Amino acid sequence: MKDATREQPGAWLPKFVRRLDPAISTAFACIIVLLILGSLYSASFLSPEYLLQQLKVASFLGVISTGMMMVILLGQIDLSIPWSVAVGGMMACAAAAFGPVGETLAIPFGVACGMVIGFANGIGVAYLRIPSMIITLATNAVAQGLMVVYTGGFSPQDSATITMRYLATGFLIPGVPNAVLIWAIVGAVATFVLTRTTFGRSVYGIGNQERAAYLSGINTRRIVLIAFVSCGALSAFGGTLLAGYASKAAQSMGDSYLLPSIAAVVLGGTSILGGRGSYLGTIAGVILITLLQSILSVMQMPEAGRQITYGLVIIVMLLLYGRGPANR
Amino acid sequence: MSEWRFWLNEQRGMLMAVGIFFVMFAIYVSNHPAGLTANVVQTASNKGVLLAFVAMAQTLVVITAGIDLSVGMIFILTNALASWLVIGSPLETGFGVAAVLATGLACGALNGLIVIYGRLQPIVATIATGAVFFGIALLLRPFPGGSVNEDLADMMTGKIFGVVPSSLVALVAVILVVWVPFSRSVIGRAAYATGSSEIAAYMSSLPIRRAKFTAYLLSGLLAATGGLFLTFFTYTGEAALASGNAYTLFSIASVVLGGVSLFGGRGTAIGAVFGALAFRTIGDLLFVFDLDPLWQPLFQGVVLLVAVSLSAFGLFRVRNRLEWFG
């Protein structure tokens with residue numbers, strides 16, 4: 001679409017306005033609208049403490065959405081998020097029960113378990129050519145089954161380590177929660193990887209046209225595998241942070257992250273068909289979703305209303321700018 | 001190739017599902033303490049029929065190369081609605097049943113409109129509409145409860161002449177009323193053609209949009225029939241998120257087991273029905289072998305994983321690597 005000779009609509013606009021992705025600017029505009037609405041509802045909504053608290057809550061979703069974005073950029077989807085998150089949290093807590101060695105290895109172990117799930121997804125999608133939606137649903141079911149057998153159907157009794165709690169709730173720099181710091185690091189690395197490395201360019205290439213990427217010599221199957229493994233790892237890492245935040249893991253801790261993570265990525269302007277999107281948009285999407293959740297809970301909307309609002313907001317936003325091409 | 005071999009090749013997936021089901025059911029019955037009695041068949045049929053309806057719903061959409069991740073939620077929503085409406089005098093009950101089925105149609109129509117005219121990806125669109133449907137179900141039934149016309153419920157879950165489970169009869173009736181006319185109509189053939197190649201279907205000036213819309217519409221109707229039967233079996237309505245998700249997942253598993261191609265254009269609802277019955281029987285095998293029920297989710301997950309991995313055998317037949325990226 002980047003045809004230099006073609007007259008682009010709105011060419012009279014300043015360059016930086018033209019370069020702005022309409023999706024990202026819409027998302028940021030919605031954030032501002034939500035902030036104004038919230039401040040009308042409650043005066044403390046715009047206070048720095050409250051906003052920082054929101055940013056902290058957003059950072060868990062942010063970490064998880066980063067992995068989801070990689071996969072969506074490939075034109076795939078990962079529906080195993082709920083139990084990747086839960087496995088990450090539960091396995092990290094389980095490792096913590098094994099003395100001091102277990103405590104040091106808690107986070108790496110949780111993340112490694114997430115990577116195993118991602119690896120199974122990646123093998124299925126890249127090498128067995130199973131549609132990602134199906135194979136990730138299946139690994140999600142297997143992960144759930146394993147955890148049910150492991151816990152005996154009850155919430156696990158092990159609790160999070162001090163490190164996990166520190167990462168999720170502590171303050172390394174006064175005033176800036178560690179969780180936000182972690183999201184910033186994860187985001188910076190993701191931005192660098194996506195825009196400045198061969199791997200990142202290959203991800204966009206595969207998302208646009210896997211056939212063409214393969215013919216230009218990219219090892220597409222390896223790239224897809226790596227993307228799924230990193231998605232599993234990031235979800236599990238998000239799970240360990242969540243376990244640290246709540247100081248223990250729970251069976252259903254990941255259930256409320258599947259829809260928001262897809263929504264955050266898609267609302268941020270990343271095409272669900274793959275190959276198009278930027279991390280800035282995902283940041284906007286994550287903050288937008290978190291603010292929406294927060295406003296709904298400030299308004300004491302019951303769970304039913306929240307689900308309906310979620311679904312409607314996603315459909316309406318997608319209808320505004322996520323539509324596929326007309327086929328004629 | 002002679003006619004019957006062509007037919008056999010076309011129906012291979014379905015015949016495989018039928019075979020798996022009968023083998024599994026034979027193992028199940030021979031290890032069941034009660035053996036093959038009318039009661040054992042009735043219980044098995046009541047459990048299997050629920051999934052069979054949802055699997056049929058999924059099949060219709062999958063044939064058009066789409067996917068409906070909201071079938072489980074339509075199922076739950078209509079269950080919650082039926083626990084309010086399907087009660088009272090025969091007339092009121094009749095209106096209740098009609099209203100529940102109409103709700104299913106409306107849900108299917110919404111999905112269809114969003115996917116076809118909104119041009120959104122079916123995965124994301126139906127996840128989002130699924131959230132809306134579940135929210136409405138929660139509004140209707142914040143806590144499990146409600147009741148149903150028990151005469152009707154007992155009639156639909158009992159046995160006819162003391163032998164044939166009536167839920168099975170209802171399943172056959174729904175297949176005859178919904179699936180057979182659909183698959184033999186122009187719309188149904190257009191749905192297959194759209195799933196197999198949308199461009200070719202467009203070039204042949206088939207009614208693509210009408211075919212897709214009908215598929216989503218009937219999918220909603222079938223999911224609602226499933227929800228209605230769930231109410232007949234449980235006598236209550238419950239907005240259970242886990243149950244909705246499980247039914248969506250199992251419907252995909254049944255469709256795959258039943259030989260319906262997830263890429264569209266191949267397979268029948270009858271195959272999916274046998275896939276669903278087989279999947280249920282596999283899950284129940286654990287009980288007759290006296291294993292801990294805790295293992296059931298893992299076992300079902302592994303069955304699903306193996307079932308979807310089997311489709312990878314097609315890769316061995318690929319001669320040109322570019323076909324991987326179809």
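From the backbone N, Cα and C atoms, a Cβ is placed for every residue, glycine too.
Database features, via TrEMBL:
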TRANSMEM  B:12-29  transmembrane segment
TRANSMEM  B:49-67  transmembrane segment
TRANSMEM  B:97-116  transmembrane segment
TRANSMEM  B:123-140  transmembrane segment
TRANSMEM  B:160-182  transmembrane segment
TRANSMEM  B:213-234  transmembrane segment
TRANSMEM  B:246-263  transmembrane segment
TRANSMEM  B:270-289  transmembrane segment
TRANSMEM  B:295-316  transmembrane segment
Message = Same chain only, please: residues at least 6 beyond the ends of the transmembrane segment (B:49-67) with a C-beta under 8 Å from a C-beta of the stretch. Say none if there are none.
response = 74-75, 115, 122-123, 126, 167-168, 170-171, 174-175, 178-179, 182, 191-192, 194-196, 198, 211-212, 215-216, 218-223, 225-226, 229-230, 233, 247-248, 250-252, 254-255, 258, 260-269, 271-273, 275-277, 279-280
Ask   = So, does the transmembrane segment (B:270-289) come close enough to the transmembrane segment (B:12-29) to give 3+ Cβ pairs below 8 Å, pairs being at least 6 apart in sequence?
value = yes
Inquiry  = Within the same chain, where does the transmembrane segment (B:97-116) have neighbours whose Cβ lies under 8 angstroms from its own Cβ atoms, ignoring anything closer than 6 residues to its ends? I mean 6 or more beyond.
reply    = 66, 68, 70, 74, 77-78, 81-82, 85-86, 122, 125-126, 129, 133, 209, 212-213, 215-225, 227-228
Note = In the same chain, residues at least 6 away from the ends of the transmembrane segment (B:213-234) whose Cβ sits under 8 Å of its Cβ atoms read 46, 49-51, 53-54, 56-58, 60-61, 63-64, 66, 68, 71-72, 74-79, 81-83, 86, 97, 100-101, 103-109, 111-113, 115-116, 148, 152-153, 156-157, 167, 170, 174, 178, 182, 187, 191, 247
